[in-house]
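Chemist: Sharing a structure here in structure tokens format.
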Amino acid sequence: MSPYALSMLMSSLAVGTIITMSSHHWFLAWMGLEINTLAIIPLMTKMHHPRAAESATKYFLTQATASALILFSTTINAWMTGEWTIMNMTNHTPTVILTLALAIKLGIAPFHLWLPDVLQGLNMLTCLILSTWQKLAPMALMMLTSHQLNTNLLIAMALMSTIIGGWGGLNQTQMRKIMAYSSIAHLGWMILVISFAPSLALLNLFIYLVLTSSMFLMLMTLNSTNTNKLSISWLKTPTLAASMMATLMALGGLPPTSGFLPKWLILQEMTKQHLGTLSALMAMSALLSLFFYIRLSYTISMTSPPNISNSSLTWRKKKNLTYVIPILIIMSATMMPITPTLLLLN
């Protein structure tokens, strides 16, 4: 792809997200979401492969359906209230339609089926953009309207997302599908607490972005797209393989990594709201995700594929490692000690 076209598409992605996040009018927010969708589709199809075309088509149809539902719900709300303001979603019917539309946009269960298939047909860089940047605009709209959304519906979708995100990733061998199910599970934790404490949902989103970005950048550096390639990563870059294990533990939410922080605070908030049974179910569903993260760590550290070469080391290609990966790895593993500071910021 031409650098000029690439810069134009990336700028459009940024502009679409900024328009949605800074708007107070529903039509302007909808227009930002549309710019976002139309800007990423050429990035999906730049591989010129049938799987990429299939992924782009699935993504376009799904996002177009969600955008139509958002426009439909906001039109009903404007007809009932006489306002297009984002903060004024007071009627039950348009609020429920809006919640379902944003769930489709984000890939939250039970509207999650498009996400693993779409990610599997794309390259790692586009998967990184789709899993991180494309979540910002819909999540911003959900946070703006969090005090008006249907709490019971959000709780049901959150519990379903964490269970399906953990269960779906158990038998996967492709890293892109595993990261897709990881994204579904993390989004479940975010929307669980968004009605009670939006600041915790924002903290969870920030840590999710850091962990997912570091994971995808390490997979791009090691050129690992499945678990078989991941098993020889320690022969290529041992330090990066060890860092990937720490990031996987953070994604699973094990202390003292950064991933434990939002889960701990969310469960604490849920028990304050007298939702002890829901907290126990969420904690147990997190064990499903933790299982396949531990399995990947086992694959990296304790398995060795058959090697016909007499040498114990594979040929190493020089990689231009940027300073972004070490910074993200450090943030993935060491944000837990600064918990008091983060709580003061809230």
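Cβ coordinates are placed from backbone N, Cα and C, and glycine is handled just like the others.
Keep in mind that TrEMBL annotations are predicted by a computer and have not been checked by a curator.
Computed from a predicted structure; not experimentally measured.
Heads up, here are the entries from TrEMBL:
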DOMAIN    23-288  domain 'NADH:quinone oxidoreductase/Mrp antiporter transmembrane'
DOMAIN    290-342  domain 'NADH dehydrogenase subunit 2 C-terminal'
TRANSMEM  26-44  transmembrane segment
TRANSMEM  56-76  transmembrane segment
TRANSMEM  96-115  transmembrane segment
TRANSMEM  153-171  transmembrane segment
TRANSMEM  274-294  transmembrane segment
TRANSMEM  321-345  transmembrane segment
Chemist: The transmembrane segment (56-76): which same-chain residues, six or more beyond its ends, come within Cβ distance under 8 Å?
Modeler: 26-27, 30, 33-34, 37, 40-41, 44-45, 84, 91, 93-95, 97-98, 100-102, 104-105, 114, 117-118, 121, 130
Chemist: Could you please provide the mean pLDDT value for the domain 'NADH dehydrogenase subunit 2 C-terminal' (290-342)?
Modeler: 71
